[in-house]
């Protein structure tokens, strides 16, 4: 269907000087101050939590693969929130919505998709790490070498940025209608696609391809890893050993369910089911609440990160005494 509120193509839709208007939460005028304070507190706590994980891991002399991947995950989450949240906070301050340029909107979408995609690939790499640790414990040190970890980390980032660039180029080559009002608090893919003056489903194909590459394939790898882990744990006779092995996977499983659950609901669906109000609320959870939960989950459930936190606190106390 053509975009809402217009019937003809905007001849300047490909002009890089064009601007979009992010409506944000303009319908919630009476809750602006409260929402701003809540988002700001969540944003600051999220930044602090991920910074603490990053510092604790970086200052750790010997970093096992899981800590290395956690450090990369924290960096991705830091960048992820900085790409989305400041503009969302601005949309709560400006009464009539905030403007964003054509280039700015494309850049925000690219980094949003790229960082989200890198996180999908990273979660798959972390599941492989758990698979090797539980199913091939005697070969773990040899298989999960520092060189392999670096290659996996680079592949996750490059893969995410390549898919993000391809999707962003495909979306912003579309003709946009005269109405450039994005009913969202950031340049999300479905919200921008909703402005495209097309009557076919062809514009959705790049999004579908990106979903297959960023969501479906990594999820299949994660499920395969955990199927192998489950089969291995069934042959473990000791309930203590089985519980200890499973406990190392709980935090990764929790984050995987959070990340893929929200992302699947948001992006694997036809354009006709797009609902601005519902999508904004889901995106609110996806971009604000889940990044806040990640440091909490890992700090509570991961023994290695808790030990790194203790060492960081101990170093600070020693530095203060000196």
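Just so you know, glycine gets a Cβ as well, placed from its N, Cα and C.
Positions annotated as domain 'G-protein coupled receptors family 1 profile' by TrEMBL: 49-298.
Residues or ranges marked as transmembrane segment by TrEMBL: 20-45 (among others). Within its own chain, the transmembrane segment (20-45) is flanked in space by residues 81, 85, 87-89, 91-102, 105, 180-187, 192, 280, 288-289, 292, which lie at least six positions past its ends and keep a Cβ under 8 Å from the stretch.
For 66-89 (among others), the entry in TrEMBL reads transmembrane segment.
The list of residues near the transmembrane segment (109-128) in space but at least 6 beyond its ends in sequence, with Cβ under 8 angstroms from a Cβ of it, reads 66, 69, 72-73, 76-77, 79-80, 83-84, 152-153, 155-157, 159-161, 163-165, 167-168, 171-172, 186-189, 192, 210, 213-215, 218-219, 221-222, 225-226, 252, 255-256, 259-260, 263. The transmembrane segment annotation in TrEMBL covers 109-128 (among others).
Per TrEMBL, transmembrane segment is recorded for 148-172 (among others). Within its own chain, the transmembrane segment (148-172) has Cβ neighbours under 8 Å at 65, 68-69, 72, 102, 105-106, 109-122, 125, 128, 189, 192-193, 203, 206-207, 209-210, 213-214, counting only residues six or more beyond its boundaries.
The transmembrane segment annotation in TrEMBL covers 207-234 (among others). Within the chain, the transmembrane segment (207-234) has long-range Cβ neighbours (under 8 A, six or more residues past its boundaries) at 113, 116-117, 120-121, 123-124, 127-128, 130-131, 134-135, 159-160, 163-164, 166-167, 171, 189-190, 193, 242, 245-246, 249, 253, 256, 260, 263-264, 267-268.
Only residues 6 or more beyond the boundaries of the transmembrane segment (246-269), in the same chain, are considered here, and those with a CB under 8 A from a CB of the stretch are 66, 116, 119-120, 123, 126-127, 130, 133-134, 188-190, 207, 210-211, 215, 219, 222, 226, 229, 233, 279, 282-283, 285-286, 290, 293-294, 297-298, 300-303. The feature transmembrane segment is assigned by TrEMBL to 246-269 (among others).
The transmembrane segment feature in TrEMBL is assigned to 281-300 (among others).
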